[in-house]
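According to Swiss-Prot, the N6-(pyridoxal phosphate)lysine annotation covers Lys41. The feature substrate binding site is assigned by Swiss-Prot to Glu238, Asp274, with similarity to another entry given as support.
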Amino acid sequence: MNKEQLKTPFFMIDEAKLIQNLEIAKQLKEISGVKLVLALKCFSTWGVFDIIKPYLDGTTSSGPFEVKLGYEKFGGETHAYSVGYSEDDVREVADLCDKIIFNSQSQLAAHRHIVEGKASIGLRLNPGVSYASQDLANPARQFSRLGVQADHIDPAVFDSINGVMFHMNCENKDVDAFIALLDSISERFGAYLNKLDWVSMGGGVFFTWPGYDVEKLGLALKAFSEKHGVQMYLEPGEAIITKTTDLVVTVVDLVENGMKTAIVDSATEAHRLDTLIYKEPASVLEASENGEHEYVIGSCSCLAGDQFCVAKFDQPLHVGQRLHILDSAGYTMVKLNWFNGLKMPSVYCERTNGEIQKLNEFGYEDFKRSLSLWSVQ
């Protein structure tokens, strides 16, 4: 299968780049003794789970279908968490998960009887401190619904749970900032943690970022684990799949209205939603920082502000030219939608031997089925 013959748009996952990240994860585990569970909310493309499984300990989920997917397709430890469980949700995951983490003390009280004796029980705590560049993704934002606030904790709860989860980071590339959060938690919650079997520090710790001091992180996690006598967990998502995947698109038109725009056969609204939500411009492989030809890379959706980025190029772009939107694995394939009835990107993996393998493709029948299965009678 030749990449140049593949119809755009498509995602291309690079196995070699994925393994580079996984080897760093392996190093962190060896230094720290931490267990790593893949955050399926970020990346759930199970077609490459066989590459990831030898390196990680399992999966963590934010909804019942993710729990089932992790259990069926990944194995290892299956962690279940949800901001709000219904009783049906809990019954659905009770026999699948190794650990279940409740978001509130009221949820814990309402549903623990369903999972007692089946899964290790945890509670999410909100430490009131966090590392997040945008308020939208800040778990400690004002009026946060995520986890139990410190001043609301009933101390008796720690006699009836096995572990806790703190999720307080979003793309934290600063090891010292993470260690400061770790120290804060140890100081504030240490007496409670000493009673537990395990502690998860959630996700958002970007330990595969270039230059990240993995050894320093590992030693800090190990020290925390030994101090409180707990098994430590991290829930990486982006850290595992960062810089592994391109969204490959084709320029279908060039227009100008005070600025040149290259319209491509994809859309942030449908295929790379976080670009739109967080207003974080994408990066293009073919771009040049000092290029003389500047373009808006615009989508083919009807949303006026739907664009990937503004980029410069050494040569003028032309219709039919392919562009590679870099770092397009995290929170993309899990958020694909059918806005405007646009063609959904296929998904491929380039193996280390150069072979291209198809993982998924979509067609009109998928679009139609997502909207209705039956007509009114």
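Placement of Cβ uses the backbone N, Cα and C atoms for every residue, glycine included.
Shown on the structure are the features that Swiss-Prot records.
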residue : record                         : contacts (Cβ under 8 Å, 6+ apart)
Lys41   : N6-(pyridoxal phosphate)lysine : Ser61, Ser62, Glu66, Gly237, Tyr331, Val334
Glu238  : substrate binding site         : Cys42, Glu171, Gly203, Gly204, Phe206, Gly330
Asp274  : substrate binding site         : Glu280, Gly330, Tyr331, Thr332, Lys335
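Taken residue by residue with DSSP, Lys41 (N6-(pyridoxal phosphate)lysine) is part of neither helix nor strand, so it is coil. According to its DSSP assignment, Glu238 (substrate binding site) is helical.
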